[in-house]
Amino acid sequence: MKLAYWMYAGPAHIGTLRVASSFKNVHAIMHAPLGDDYFNVMRSMLERERDFTPVTASIVDRHVLARGSQEKVVENITRKDKEECPDLILLTPTCTSSILQEDLQNFVERASLESDSDVILADVNHYRVNELQAADRTLEQIVRFYLEKAKKQQTQNNEHSSESISVEKTQKPSANILGIFTLGFHNQHDCRELKRLLNDLGIEINEIIPEGGSVSCLKNLPKAWFNIVPYREVGLMTAVYLEKEFDMPYVSTTPMGVVDTANFIREIEYILNKNSTGKTKGRQSDAKSDDPALKKDFFDFERYIDQQTRFISQAAWFSRSIDCQNLTGKRAIVFGDSTHAASMTKILAREMGIRVACAGTYCKHDADWFREQVFGFCDQVLITEDHTQVGDMIAQLEPAAIFGTQMERHVGKRLDIPCGVISAPVHIQNFPLGYRPFLGYEGTNQIADLVYNSFSLGMEDHLLEIFGGHDTKEVITKSLSSDSEFTWAADGLTELNKIPGFVRGKVKRNTEKFARQNNIQTITVEVMFAAKEAAGA
């Protein structure tokens, strides 16, 4: 835990609350002081939810500090149990309230005696993990709790009851989708695209958790043939647990881009063919269905991949067009969570011929996997949670475009470099009302548009100059960091103002780079001309 005025991944309790509020009929009690209870407002605004966010803050104030928290926390849990009648009440502290070192598990046990709902304490170390790690752990904890509860119920009854686990697989191939949850980057759109893709393959959806899922249905998870983890950040721990306990395979390849979407489908094909029994194959061959998965005695999706790549996804055609060829060799910087940053790096380098000067992620806990994924696709790798390091890297490399989070978008505006947002954290404009998936074959079209527009929009200032000009930009003399190492003379600033806006930022950075290399502190018009000659312009 550290003090920061801006973070890529928030504190642990935010991840826990995101998972809890994604489930249906689950209520979260947040044991926190005033100031830590901003989650409700944030979620309601960004997700544009019609319903109230199911999170209640049990405020730690001076009265609580004087006589202890147990009475107030237990009262809040039992009150919500009577008012809301949830299936589950999840208690979570925050980093601040964790300092009190209270026995919250004891609070939960006492509240459980007075509540009809299940009550559990989020098993998260708030000092050691961030928002994404806590979300992953909380989802696994809830799944484990209800599957173990169903096992215990089954053992006590010694018969098949409504609460017992059904390990018998569904008749048709089916999948669970793990890790779709609130405040995720285009998660709702990606989920819709995944459902469309699986439907095309003749695969049914068994359960989607946590978003829109019910904890009472978690006992049905083992009925699926396999699990899908679209994003490594959330859902992977649950998939590993289900594989260990119920021998359920999982697909963790993110279907982002033409190549990885094909690899994703081939992994599914391999799992289905491996798990198919003779009875299942016989049923498939006799079935009168148009589902591609049921036309043969085995699963073969190569024709589907070919059709989608050539006729549904326009990205493959676009990569061979003159528009995309004009981008070949241009330099870009990619930064975001490990899933989106790694996938975007591979798409730019492998599918569009764009040089990735630097690829980075703020998921330090997943650094080894990220390095393995982007190896050979970028010039250098940056693993950091410090946004100033990312900004300095962008200023130093001067790419033609940036693909990152909302912070990189801010950096791009300051440096006059276009930026396409490809990862959380994001502002409200990246919670679009229209259909904007990043996964699957429709996702490839959206990404191609994003890439092309990110590079092309830099010409807008140039067009304004040609058609009369509306360039009212003032010259920004500050560097990306708060302290500037150069002083611009009056004649230098006058000359800089004469340069068209669409290249002014680059000229300024090149001039300061020249001054830095030659130990020049004051930049005059002569220094600008010298920098121009040195650059061979």
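From the backbone N, Cα and C atoms, a Cβ is placed for every residue, glycine too.
With a 10 A radius on its CB, D323 (active site, proton donor) counts 13 other CB atoms from all the protein chains. According to TrEMBL, the feature active site, proton donor maps to D323.
There are 20 other Cβ atoms within 10 Å of the Cβ belonging to D36 ([4Fe-4S] cluster binding site). Per TrEMBL, the feature [4Fe-4S] cluster binding site maps to D36.
Look at TrEMBL and you will find G458, M459 tagged as substrate binding site.
The domain 'Nitrogenase/oxidoreductase component 1' annotation in TrEMBL covers 12-455.
Calculated from their C-alpha atoms, the gap between D36 ([4Fe-4S] cluster binding site) and D323 (active site, proton donor) amounts to 48 Å.
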